[in-house]
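S.K.: Here it is: the structure, laid out below.
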Amino acid sequence: MAIRPFQSTSSLHTFFSLFRTPNPFSSAATTTTNFPPPYSILRRFTLSSSTSFSRPPRRPQPPPLPPLPPSDTLAHKIGKAIRLPGAASKARVYADINVVRPKEYWDYESLAVQWGDQDDYQVVRKVGRGKYSEVFEGVHCTDNEKCVIKILKPVKKKKIKREIKILQNLCGGPNIVKLLDIVRDPQSKTPSLALDYCHSQGIMHRDVKPHNVMIDHGQRKLRLIDWGLAEFYHPGKEYNVRVASRYFKGPELLVDLQDYDYSLDLWSLGCMFAGIIFRKEPFFYGQDNYDQLVKIAKVLGTDELYAYLNKYRIELDPQLSVLVGRHGRKPWTKFIGADTRHLAVPEAIDFVDKLLRYDHEERPTAKEAMAHPYFNPVRSAESSKTHTH
């Protein structure tokens, strides 16, 4: 079975297993996504010094304000947002999954890793790489079955154990890869994860993006991969905001709200889906994390951004507030072109609109997203198939 990285997806950390037909996605197999370089347009206006009429004398102009420093300089000057007490955030669904389950389910630091035999696997070819790992196509020598081998770069043992524990817990679920084995080089002691299929429950993926979705176009099957940044969700716990890839980071990460939840993955899905229907990838193209918030504000407007900040009692650094500025909300129709009208249908626009909300509590859950009218044709097709058989 040929499994190829997917340009975009309608799958996420827990529940998505539905497919839109006809398939609007590209069937081209790629392992990298080439984004267009940022561009700028410089216009120079010149005014002739000779005129045929006289002007009244002008008032002296005040000296111009100093320009904002470039973003790389701002990165050293902008501080973290301040979170005032009294506005806690908690997931709307599955908040207590890891509260009611035994400690052994989520206590990955106590995991005793059972190592397999490295000689049971043979590497065929390299298919991709990331910040923390390299990925290869491989073969399980015992039964000659194809598999994916993920070789982790040297990272903290705690991070390795977390990924292993999550994949073990997720084994058997729809549309996610399954952990087959864990092996290590006797010399280097570097673990490698052979991945195939797994499922999420009580876990945030925190890195949903096109590169982490694989698709078999022939079988119309999706698999969500790379659980290296995934984490167990506990209500009220403050998490690291340095997760997810820049173009898919939710506003909560960009304003330093640390008690985020599963809804982060829904924002990332919304970014991917917007990229599909508007054929603009990435949809929010920031040059850095600060500019990423600016790009979002220029689409969704700043009124709702500041309402979100007020709700959770977050105070942005004054420099970042200046950088974000003030913007009105753009209608989604502004992004529809002649070549995307067949993709950006009203149901698709409504789906994107519900996913891309500043306030993470307003985003649909995965189950609610699946029930959206956009997926009605999929449900009808599945129902017809069931009745036929």
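Every residue, even glycine, has its Cβ placed from backbone N, Cα and C.
Found this in TrEMBL, in case it helps:
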BINDING   LYS150  ATP binding site
COMPBIAS  59-70  compositional bias 'Pro residues'
DOMAIN    121-375  domain 'Protein kinase'
REGION    50-72  region 'Disordered'
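Surface or core, plus neighbours and distances: that's what I need for these features.
M.R.: For LYS150 (ATP binding site), the Cβ neighbour count at a 10 Å cut-off comes to 24, with all displayed protein chains included. DSSP assigns LYS150 (ATP binding site) to a strand.
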S.K.: Quick one: mean pLDDT on the domain 'Protein kinase' (121-375)?
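M.R.: Within the domain 'Protein kinase' (121-375), the model's average pLDDT equals 87.
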